[in-house]
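Visitor: Can you keep this structure in mind? I'll have questions shortly.
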Amino acid sequence: MIQNNPVGRLIAHVILIIGILIVAFPIYYTFVASTQTLQEILRPPLSLLPGGHFWENYSAALFGGVGRIGGVGVDRLLFNTLVMALGIAIGKICISILSAYAIVFFRFPGRMVFFWLIFITLMLPVEVRILPTYKIMVDLGLIDTYTGLILPLMASATATLLFRQFFMTIPGELVEAARVDGAGPWRFFKDILLPLSKTNIAALFVILFIYGWTQYLWPLLMTNRNDMSTIVIGLRKMISFADADTEWHLVMVTCILAILPPIVVVVLMQRWFVRGLVETEK
Amino acid sequence: MASSTRVTFPNKFLPYLLLAPQLAITAIFFYWPASQAIYQSVLREDPFGLSTQFVGLDNFRRVLGDPNYLNSLQVTVIFSVATALIAMALALLLAVMADKVIRGKGIYRTLLIWPYAVAPAIAGMLWLFLFNPSMGTLAYLFRSTGYNWDPLLNGDQAMVLIVSAAAWKQISYNFLFFVAGLQSIPKSLIEAAAIDGAGETKRFWTIVFPLLAPTTFFLLVVNTVYAFFDTFGIIHAVTGGGPGKATETLVYKVYNDGFVNLILGDSAAQSVILMIIVIGLTAIQFRYVERKVHYG
């Protein structure tokens with residue numbers, strides 16, 4: 001047995017707590033700032049305890065129509081981001097589960113070619129084909145549309161690979177049994193495969209939701225109109241003005257509102273998320 | 001391959017139908033633009049698209065001979081190495097500590113994973129709030145000690161700021177993988193070493209760290225890819241590549257040359273160079289996956 005070392009364990013706790021303080025501090029600080037008045041924020045150092053303007057600032061940001069973001073309210077930006085994140089997460093899961101199903105449970109000419117065509121897209125992130133992709137979006141008239149924000153990000157090799165890997169572990173006897181019982185491909189998919197994939201789908205959903213919510217380059221290129229912008233881009237536009245006329249207290253509120261939904265998703269779905277993350281990438 | 005003996009459905013038409021959505025999106029939004037990027041990288045075009053001319057590898061020659069490009073290559077390497085090392089070292093330290101404690105493991109994990117959900121651009125903004133010379137509290141503390149802190153004017157300080165933000169955001173991801181890696185190390189090995197009289201530090205460096213090598217190597221690749229590509233938001237939101245060109249990474253430069261300066265041929269050539277870098281990194285990553293299968 002390893003000797004039971006209470007001192008070592010105490011040091012471990014101390015280091016972990018310091019680590020958590022470092023990790024949490026920027027978020028906590030922003031939260032504190034979001035409850036102060038503009039004057040208090042502009043006069044550092046800021047107090048380490050939340051101020052008394054929580055309701056005032058949050059209702060001003062949510063319902064007062066923060067005119068700073070080109071006349072578009074925070075609610076609209078949050079809605080756009082939610083549509084984008086949900087669209088990408090659900091869309092990606094749907095199309096990749098279908099293509100993984102085709103690749104694993106059917107034999108047809110060109111199967112491996114298609115698999116490689118999907119696999120290679122891992123090596124073509126948006127960043128390496130920015131301009132030509134932008135041009136295609138303009139040609140298709142998809143600028144400033146939800147379709148434009150969601151559709152091009154829906155094809156994902158990683159999700160397809162994950163489902164493929166999982167499907168390959170499903171014993172052939174199960175397929176055989178289903179076929180003997182007269183189940184067709186659709187029945188098998190709906191009644192056997194989907195229920196078995198539940199955990200994988202949940203894990204992927206968390207990862208993809210966050211992927212969609214935190215996108216930056218894509219919405220930056222795809223949206224010109226402020227009312228189609230996402231919250232992250234809107235926030236960037238809010239702080240891009242000269243320091244003098246930025247309403248920092250409302251910026252801080254917007255910041256908290258922008259990071260809260262994905263944090264809630266991660267913390268609430270932690271179990272699936274952690275498993276999915278560690279298994280997906282391996 | 002085991003899958004050749006798989007039981008499958010006999011259907012000629014259905015599989016193509018199932019693959020169609022993904023293939024359509026892949027073709028339109030991945031292969032077509034990527035081939036356009038390669039095509040444009042050998043052309044010289046004026047910004048209005050009025051005349052085009054085939055120039056062979058001229059664009060590549062000019063890009064690779066451009067001191068600005070070499071500068072941004074250097075910036076990218078420094079930024080990526082610093083980000084990956086800091087994010088991994090801190091995550092490893094925290095993971096080793098979390099492995100030691102008995103009580104509160106779950107709470108520690110919960111409190112450590114949330115930066116994963118923060119968008120890189122917002123991570124950059126949070127750090128900018130803290131270190132902004134005009135209103136950041138930490139900047140204020142720096143200055144009150146007499147240190148001349150201004151990341152908006154000093155290139156090295158700007159680099160420190162974006163590295164901190166990028167590394168901060170990545171700690172939680174690395175932490176989860178190191179925790180999983182530590183859990184897969186057989187406790188009997190460590191106990192055997194302890195019985196032989198190896199102290200804690202020695203056990204870590206001679207047993208735990210080498211056995212973590214696959215995880216570490218995997219994370220190194222992932223962190224490099226992250227620092228190369230996913231940090232565009234941090235740089236765009238915090239420094240805009242400045243001051244001067246002190247924080248202009250390769251990806252930022254592709255964006256800047258293509259969208260802001262409209263030098264299409266150069267931007268395309270840079271895209272192709274980036275593509276080659278990604279292919280290299282992905283190849284390394286998958287070689288590692290193969291190896292891992294062999295060694296279990």
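Even glycines carry a Cβ here, placed using N, Cα and C.
Note: TrEMBL annotation is automatic and uncurated.
This is the feature table in TrEMBL:
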type	residues	note
DOMAIN	B:73-285	domain 'ABC transmembrane type-1'
TRANSMEM	B:13-32	transmembrane segment
TRANSMEM	B:77-98	transmembrane segment
TRANSMEM	B:110-130	transmembrane segment
TRANSMEM	B:158-183	transmembrane segment
TRANSMEM	B:204-229	transmembrane segment
TRANSMEM	B:268-289	transmembrane segment
Visitor: May I ask which of the stretches B:77-98, B:204-229, B:268-289 has the most CB pairs under 8 A with the transmembrane segment (B:158-183)?
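Guide: Result: B:77-98.
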Visitor: At a threshold of under 8 Å on Cβ distances, which of B:13-32, B:77-98, B:110-130, B:268-289 pairs most often with the transmembrane segment (B:204-229)?
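Guide: Most contacts with the transmembrane segment (B:204-229): B:77-98.
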Visitor: Under an 8 Å Cβ to Cβ limit, what residues of the same chain, 6 or more beyond the ends of the transmembrane segment (B:268-289), are close to it?
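Guide: Beyond its ends, the transmembrane segment (B:268-289) has Cβ neighbours at 34, 36-41, 43, 59-60, 62-64, 69, 214, 217-218, 221-222, 224-225, 228-229, 250-251, 253-254, 257-258.
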